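Novice: The annotation DNA-binding region is assigned in Swiss-Prot to 18-57 on the grounds of sequence analysis. The NAD(+) binding site annotation in Swiss-Prot covers GLY92, VAL93, GLY94, ASN95, LEU96, GLY97 and is backed by sequence analysis.
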Amino acid sequence: MNNEQPKIPQATAKRLPLYYRFLKNLHASGKQRVSSAELSEAVKVDPATIRRDFSYFGALGKKGYGYNVNYLLSFFRKTLDQDEITEVALFGVGNLGTAFLNYNFTKNNNTKIVMAFDVDQKKVGKEVGGVPVYHLDELENRLHEGIPVAILTVPAPAAQWITDRLVQKGIKGILNFTPARLNVPKHIRVHHIDLAVELQSLVYFLTVDEHFSLQ
């Protein structure tokens, strides 16, 4: 993100790409302005939260008018560094890793997986989704400073060991899909996504909703 942007809550930062994607669709349809209520309906975030999110960046809209789509799109493009491609390395070409390589963020043109690593000799030296797969032993030789982000879809026991090597190579951010909780220096940002935990959480809330609907 732009170094000049204000410090904002993590929850707000996570919603910015949602706003940006919807604004791109609005712009493509030729719409010139949008209200917080319309944004709310599209991204499933209440209008008050949207207005609060936008307030961190100053006056982005006018009361009674709403928001100028072109202006917002341009603003968030700069805020999210959409004009620059962020190269990503993926570790672990199993089922989940293969799905990532085939998808490769086709709806997000500024993010691209450019290389993958695995230890399976049947996968090493080949391409998956047009992305070359290297042996994990080649990490130090292949990974360069232009790749700031790594995705981990490896077995949990290997996650910390690979992370330590990534830190040594100057990686800045890790999207961790393993159950392992990684130990990294403070300047490294890690987002943990445990699919089992997310599913259990969803099932829990479904159970709670069903309980209250029966009362």
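Every residue gets a Cβ built from N, Cα and C, even glycine.
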Novice: Given a 10 Å Cβ-Cβ cut-off, pick out the one of the binding-site residues VAL93, LEU96 that has the most other Cβ atoms nearby.
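Specialist: It comes out as VAL93.
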Novice: Report the member of GLY94, GLY97 (the binding-site residues) whose C-beta atom has the most other C-beta atoms within 10 angstroms.
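Specialist: Answer returned by the neighbour count: GLY97.
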Novice: Averaged over the DNA-binding region (18-57), what pLDDT does the predicted model reach?
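Specialist: Mean model confidence (pLDDT) across the DNA-binding region (18-57) is 88.
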Novice: Three-state secondary structure of GLY97 (NAD(+) binding site) from DSSP?
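Specialist: The three-state answer is helix.
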Novice: If you count the other Cβ atoms within 10 Å of each Cβ, which of the binding-site residues GLY92, ASN95 comes out on top?
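Specialist: When each Cβ's neighbours within 10 Å are tallied, GLY92 leads.
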Novice: Excluding GLY92, VAL93, GLY94, ASN95, LEU96, GLY97, please set out which residues of the same chain place their CB within 8 Å of the center of the CB atoms of the NAD(+) site, keeping sequence order.
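Specialist: Leaving out the recorded residues gives THR98, ALA99, PHE100, ASP118, THR153, VAL154.
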